[in-house]
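Chemist: Pulled these from TrEMBL:
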COMPBIAS  14-25  compositional bias 'Pro residues'
COMPBIAS  641-669  compositional bias 'Polar residues'
REGION    1-32  region 'Disordered'
REGION    636-669  region 'Disordered'
TRANSMEM  62-82  transmembrane segment
TRANSMEM  94-112  transmembrane segment
TRANSMEM  118-137  transmembrane segment
TRANSMEM  158-176  transmembrane segment
TRANSMEM  182-201  transmembrane segment
TRANSMEM  206-223  transmembrane segment
TRANSMEM  243-264  transmembrane segment
TRANSMEM  385-407  transmembrane segment
TRANSMEM  413-432  transmembrane segment
TRANSMEM  444-463  transmembrane segment
TRANSMEM  483-502  transmembrane segment
TRANSMEM  580-601  transmembrane segment
Amino acid sequence: MGETENHHHHHHLPPPQVAAPPTVPPNFALSRGPTWTPAEQLNQLQYCIHSNPSWPQALLLAFQHFIVNLGTTVLIASTMVPRMGGNHGDKARIIQVLLFMSGINTLLQTLIGSRLPTVMGVSFAYVLPLLSIINDYTDEVFATEHDRFIRGIRTVQGSLIVSSFVNIILGYGRAWGELTRFFTPIVMVPVVCLVGLGLFARGFPLLGNCVEIGLPMLILLVFSQQYLKRVHSRAHLILERFALLLCFGIIWAFAAILTVSGAYNNVKTATKLSCRTDRSYLMSSAPWIKIPYPFQWGTPIFRASHVFGMIGAALVSSAESTATFFAAARLSGATAPPAHVLSRSIGLQGIGMLLEGLFGSLVGTTASVENVGLLGLTHIGSRRVVQISTGFMIFFSIFGKFGAFFASIPLPIFAAIYCILLGIVASSGITFVQFANSNSMRNIYVLGVSLFLGLSIPQYFVMNTTGDGHGPVRTNAGWFNDILNTIFSSPATMAIIVGTMLDNTLEAKHVNDRGIPWWKPFQHSKGDARTEEFYSYPLRINEYVPSSAEMSMTVAQQPPPEVAVTEEPYYNSHTAHVSIAPLIAVLLVITILGIVTSMIGRLCTGLKVMSVGQFDIESWIETKCSCIDGRIYPHQPPPRSNASSATSVLTPTERQPQQEYQSPQTPTT
């Protein structure tokens, strides 16, 4: 009893056990490696938007931009001019006009437009309105097919002139910039991705038309530019920047060898057109010197039904240019373009459309996606390089024989390049997701739906569009059909519509999820200190011309000066806006090449050069280099003494091209 009492006195009941807190699972993601902080500027660029390589390198890089832009120019001219009734001479002149206007518009955009290193190339958004014009004149009776072509191109002129005012009003009226204020990083991911992925038809489907030259070009470019450059430090520098030119020359020579050896003598006609180097008929059709001038095809024809179709194409080209500008800013080391810069660039694009209508261009222009991809391929985003490339565009548009020489390159070679360049642009769009919450289910929903519908809806319209341009929308109003079919056939435009609507109507738990804190400083000119550095006018023009952003904001809306970012810019801006070297370089390139061309032109036409005797190099080239162009014929047996029999040496198929070239309906210089 005592022991029991003593036991209870010294030994208390154990306290109740408390449940152990649940163990937190380890974060395996952090243990496997570091996380990457968002980077507004890519630090692997060798030259950013306002830093410049040496002049020899800049010239070679500029020539690469010209070559890349030439592919789409030749593609749209070779596709549409024959359907309009034009001959090979008309196709050569159209290519000259397209190159000329591309050079002029690119120079204007890099100087007083977006200020980004973007080439303004031809836009395929104008194909459906162009097909509508072609259909209207197909059933009409003309004296010749050339007359039908002239009638069609004059109608295109009038439509471009009127529709250009839509872009001018939207741009300089600041409406386009106000629209871009609804964009966020979540919207830009599908928009920029689809401006590259949406052009997949220019990639492997076009390459597959001639696999034996397109696939080697693709493999050789990837191998040399990504793997072979590791052999030596100097090889790394050369191949990373100029592998495209080297591979281009090798595969072009390979295609010429296949053509001369007779590899394509017994193949289908479509294969000959895609693979042979002598089926462009441009070398002998293009004039030596031809300067494009306003109304060269005649007075414009204005038809309301076609004007509305062109307005739809103008809106689509503006949307695609906007997406391309964001990709160009990313790949050139610049910050995102603010709203007022986008407004003035679209307004200037409208002025470019007006000039294209005056000069008789086939289609309007837009920011070239392929050339933006070249910035990422070479790691050089210099604005000066793109400005110098305008000198090559203008030169080869005036001196037609030289431009026709490069235009004879088979299109599958260009397609192999586009497979890489378009992919780079698409991947640059993915990088915008780093500024938003990629783990938010709301953002995942917006991204997924925008990407899928941005691809699926245009694909439906493309698959249900007939060869003559009639799309799924078929009402009695043809102009209404052209507008809707054009808009819904553009992946970038659909991504803007779907993404902007979803992102601005679905509620987010936190503002940071949408990336608004990162995006908002770039909406006005004073929000980020680097905006002035990258996008201000050259030669202190901005001191005399106020920006549209400043004009559109009241005093209360303007940000206070103390909120401006004071951090040092990533790149040095010692060459930013005070140099006129790009203009001097463009003029110097055109002058030097013009002198050389004039001398070669005199040699080839049998004239004296510097008091030296008569020369006739052109006839020698025609007999020795039959693989260059279809109009250059092999050596013919000497004609008999009878003059009438001498004219019968050429076969009817050989005589037809000469008759086209000597047709009095084709203007000559």
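From the backbone N, Cα and C atoms, a Cβ is placed for every residue, glycine too.
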Chemist: Does the transmembrane segment (413-432) come near the transmembrane segment (62-82), with 3+ Cβ pairs under 8 Å (pairs 6 or more apart)?
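Modeler: With 3 or more qualifying Cβ pairs, these stretches touch.
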Chemist: By Cβ distance under 8 Å, which residues at least 6 away from the ends of the transmembrane segment (444-463) in the same chain are close to it?
Modeler: 186-187, 189-190, 193-194, 197-198, 433, 438, 471-472, 485, 488-492, 494-495, 498-499, 502-503, 506
Chemist: Could you tell me whether the transmembrane segment (483-502) and the transmembrane segment (118-137) have 3+ CB pairs under 8 A, leaving out pairs under 6 positions apart?
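Modeler: With 3 or more qualifying Cβ pairs, these stretches touch.
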Chemist: Would you say the transmembrane segment (158-176) and the transmembrane segment (243-264) are touching, if the rule is that at least three C-beta pairs must lie under 8 angstroms and be 6 or more residues apart?
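Modeler: Answer no: the transmembrane segment (243-264) and the transmembrane segment (158-176) share fewer than 3 Cβ pairs below 8 Å.
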Chemist: Please figure out which one of 62-82, 94-112, 385-407, 483-502 racks up the most CB pairs under 8 Å against the transmembrane segment (182-201).
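Modeler: The stretch I would name here is 483-502.
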